[in-house]
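In what follows, a single structure is set out as structure tokens and then discussed.
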Amino acid sequence: MVLLFSSLDTRWLSSNMSLLGTLNSSDIIHPPGFYIIGFQTFPHISVYIIFLACVYVVTILFNILLICIIALNHTLHTPRFLAVVNLAVIDLILNSSTIPSMIKTFLFNDNFIPFNLCLVQMYVYYASASLESYALAILAYDRLIAICFPLRQNTFNTMLIMSCIVGGTWIYNLGRVAYNTVIMTKLSFCNSVRVFSYFCDYAPVFRLACNDYTLQWSVASTSSMINLMVPFSFIVLSYISILISVLRMKSVASRVKASVTCIEHLILVAVFYIPTFSIFLIGLYIRGIDPDQRVLSLSLASCIPPCINPVVYSLKTKEIKTRAKALGQKIKLNHLHQRQGLCLCVCKRTTDCMV
């Protein structure tokens, strides 16, 4: 039996103690929602949230611009740029799952989130975060085929194959995270409903349960290791193969050309994995770390890469820069033509009036 209390205050537990005393051990208690209470001792939290709001605006604008440039230019409809669009879509979803709610929670002091909405946010965040890791691995696959198998690129890396790879990662991650989220409904929350994080985070939520959460802990640990290590290991092996292929090239110009095409991807990999692994190692080996510092580090590691990714691709990829400049010139010319047309219309009306 699942019970959902209707009180929207943190005192819901004390007000329902008489009811809790009559429950069986098999009964599941779901509160009306949770209270997000991260950054309790963090000074000037409003300044940090405004900074994240700016990060969110840049994320939205640059990723949408990147998607539009690729979608509107048929010459960019290649497996490589399909993988880039995949990453851009994931970046949009990832930052949209947390930053707007952080603005509501910490800037407008509305830190309550309903139980079902908490699960939805949890699902969207972890699905997009795991997809981000696999998207970087897909981009590594594209570089691997292009450099190590240039003569077979049209066989090993077609639009159909890339579409299947991208679709497969989405199906796998959406299904796995759906299971991880559904098992959270098996937990009973009869103690605190305060989540110490910057959003409805998986581990801080299941630790509030008053029944056994071994399954949830095991699933979270296993999923985290798989989502980090499997794509990262593939990326490392891919670049080892790429390095070997580059060193075998006879021409220095060929080596430079092959290496340059990997720069933007290596930047994205560094921006995503270095903070993530650093936070993991610090949490593993350093005890007594300030909880607010941990929440700050996690939020930065989560929110910054989706903002940097489209900027890096826009600045480092020749095709994107060329198309972006062409689009900008086209918009400028259209604006100029509209102004000229308006001036001609005004002049004509003035002449008519004089006559």
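For all residues, glycine too, the Cβ spot is worked out from N, Cα and C.
TrEMBL entries are annotated by machine, without manual review.
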Which listed span TrEMBL calls transmembrane segment, if the choices are 2-20, 154-172: 154-172
Among 45-72, 154-172, 225-246, stretch most in contact with the transmembrane segment (295-315) (C-beta, under 8 angstroms): 45-72
Cβ contacts under 8 Å made by the transmembrane segment (154-172) with residues that lie 6+ beyond its boundaries: 77-79, 82-83, 86, 131, 134-135, 138, 141-142, 145-146
Predicted model, mean pLDDT over the domain 'G-protein coupled receptors family 1 profile' (62-313): 91
